[in-house]
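Some features that TrEMBL has for this protein:
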TRANSMEM  12-33  transmembrane segment
TRANSMEM  45-63  transmembrane segment
TRANSMEM  70-87  transmembrane segment
TRANSMEM  99-117  transmembrane segment
TRANSMEM  124-143  transmembrane segment
TRANSMEM  158-180  transmembrane segment
TRANSMEM  201-219  transmembrane segment
DOMAIN    507-579  domain 'Transglutaminase-like'
TRANSMEM  731-750  transmembrane segment
Amino acid sequence: MRIQRATPVNELLAKVLFLLLPTLLVCYFLIWNANQYYAILRSQAVQQTVYVAAGMLGAALFYSFRFRFLPSFLLLAGILYAVYRGIDASAVGEFDTFFLSIQFKVFSITFIAGWLSGWGFVRLRFFSVFIAALFLTCCIWLVSKQSQVFFAENGQDALLNFAAVFGPIVLYAVYIIFTAELIRNYKDKSQKFWWFLTRRLLLFAGLAVVLLGGVIYFMRSQIKETIAEFGGGGQEGKISMLKKNKDNTFDLQQYTRLRGNLGRSNELLFAAHIENFFPDSDVPNPLYLTAFYYSKFDTLTETFERDSLIPANDLFEPDPGKVPLFSPRYDSSVLAYALKERLRKTVEIEVYKKQLSPATYIAPSTAFFVQPITIERDFQQEFKSAYRAKSYVSELNSAYFVYNADDPQIRLFQEQRFEVLRKVTGYDGVSPQLMKYYTFMPADAKFNRIRSLAAEVTKGKTTPVDKIIAIRDYFLSKDENGEPLFSYTDNPGVPDIPDASKLQYFLFENRKGYCAYYAGATLFMLRSLGIPSRITVGFMTVERSNKNKGWYWYYADQAHAWVQVYFPGYGWLDFDTTVGNDDARESPKPDGTPPMQPPKAFLAGDGLVSSVDTVKKIVGLRMSRMVYHDKEYKLPETKELKLDVSVAAIRKDSMDIPLSQLHVGDSATAVSYAEVFKNLKPSAGEQAMSLVDRFPDPAPIDEVYVKAVYKDKKEQDALQQEENKGTNWKAVLWTAAISIAVILLLLLLLPRLIYTYYRLRYAAAKATGARAYWAYRTAGFYLHQLGYVKGSQTALQHAQQVDQALHTRFTAFMIPYLKLKYAGQALDASEEQALLQALSPLLRQVRQQVPFGKRFARFFQVFRAIAFFGVGEDEA
């Protein structure tokens, strides 16, 4: 079937519809943004877009007649300038003159912009690349002036705003380049032009939308993070030192990046009782709670990170959620240094979690013990889990020593600490490995400014603690107007220069930031002075009320970062140089009633229920493990133990159940606070079995915790997941992406598949006519794909052209083929042999003449392969 050729009129109409019209829509978007930013445009986006459209259409029509660009453009510019000067000369009144001249100037600029666009699309091949880059640049610049694009307003999602703005621009940039080349390359082919063009543009639109949507979806976390970084995501409370888990609990981030903003939340995370009071008094002595340390810094992203290979590791980091109830966990290795240091004591703390992750462990530095405990019944709805911890703390780490407050009484109290630490005059005798690790400074030259600043601030100071005080006082100092030199803010912003250091911007220009900025600046100032230091992450402890002594309430905005400094003989000590962080010290609401602390559990035994007597209220337990007087015993074999549960509370999945619902085979933990066990102390070196033999029979039990059987729990979880499961959009998108990838791969392989099909048909043909036909189709497609297109030539002319270019014998094949196909004449033996044996030598000669790289690349040209079928077989 013969397909019509695209005429110049068709080409012009195609460019107007498929190039100029989409460009005009993007122009409207850019003009609308410009109207929001520039008052001189007078919010006339539609009118100004019409000016652009007039220029585009006029230029497209004008230059389709091949007029020269430069003379005509200069003539147009001269006419517009003359009109502009005429308005100045003829308008009456100063205001009218100014108004009319500005309006005409706007018209002239927009009309000329449209004129240049129309000329470029009609006459310049690569104008589409230029306009795509120009529009992307304009969009980024104009949208950066409109902050509402990035802020979630009226419940909108910032990611959706971003996709709605940049998605169409990115699609346009790819579309305009693709379409311009498509029109140019296929305007002379024998195809039905409009159907050909529309079909490919629809396919392109579908693929582009799916691919762009997939990219935005799968990279949504990184995009949101970047939007928040530069656009104010912190105001949504999403960018903070905490991360929210899928179970709606919170955990501390494993890294902290210096950002332009920080989100805050006032949700209650946990309550804690710290058994630490000033000597000979009931006055609470609060302590900061430590989770972990940042000791590495990525200079490229300005991110503080954790390092699992820190020297002399003193971090105890168990997962309380995985430790069995009342089972103690110790790690004495973290105390290797602390046990040699002065002014140390053991402090106990009980943590009751509300929205803090069950896996998170926090305690005063240096912690070495954890034991999950029960929660009093009346508070089990508010608090979800609890544990008891022990820390070997420094008496010099009182929160009152650590606070960076410009309060005379606190400053006077802190002097006691400083007097002790002034005994440390240097770091002689400290491990070289520890010194090298904790005084490491990046080699980047920009850190030289921090070195110079630290040297200037601490000039004249000799002891490490006096240098620390000097740095702290620098952050508290005032400028020449008596205003604080540094201030606290959750939204310090970012430098105007792209890729500029936020830390340098904070220290030397903006001087506004949150805790990570102060801790990071202090860290590098101290390290530049040779003082070993690290950043500590945890929670600031604040004594807000003396009603419940020793109890502290921790909200999300108390997540904090501060610096720890090493002092020989005294260990790692906390120093908080963050200024003016009053919001974290103020409670968003009055602290609640603390939970009643459970009595000390003397026995906690795990095992399987072997019998249940609901009348006598006796339960048999085959015990395999127990914790007795805070010491864990693993029994060499199960031991039958009778339990008196007459007063015991029996709980399963946080709910009280009657004894009748306790079944043989249930896994259970029996807990006793009974006085008889308090007085029954284990002998030195006594084995578990002999100790159990001394237990009263039956053993008095206060609580029984029934564990869900694994199989039942698994079935319940699966059922719950099935009930809660909605549409899995991630799976849908993955399936779509894989399907698209397969389709694209098949498209790329289409020329090879077609060629393989022809070769197989040729090999399978037996009759002379069929074999000759498939040889002709195979050779024709192979040559066509390599660029030797038949076009409007006859088959014989095409064969002669190929022979001349590639030194083949295609004509010797073509003459008998045409004789057989069209003349219907019988072939002699030599002609038949030439017809049947021509294909392999022909292909071999073509391969020798055409380089492999060219052949390999040409067989990825899908559109060329499709175009081969636009030529009817009767013309082949």
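Just so it is clear, glycine is given a Cβ too, placed from its N, Cα and C backbone atoms.
TrEMBL does not curate its annotations; it predicts them automatically.
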Same-chain residue ranges lying at least 6 outside the transmembrane segment (99-117) that approach it to Cβ under 8 Å: 20, 23, 27, 31, 40-41, 44, 48-49, 51-59, 73, 76-77, 80, 83-84, 87-88, 91, 131
Segment confidence, the domain 'Transglutaminase-like' (507-579), expressed as mean pLDDT: 92
Long-range neighbours of the transmembrane segment (731-750), counting only residues six or more past its ends (CB under 8 A): 207, 210-211, 213-214, 217-218, 860, 862, 865-866
For the domain 'Transglutaminase-like' (507-579), residues assigned helix / strand / coil by DSSP: 21 helix, 28 strand, 24 coil
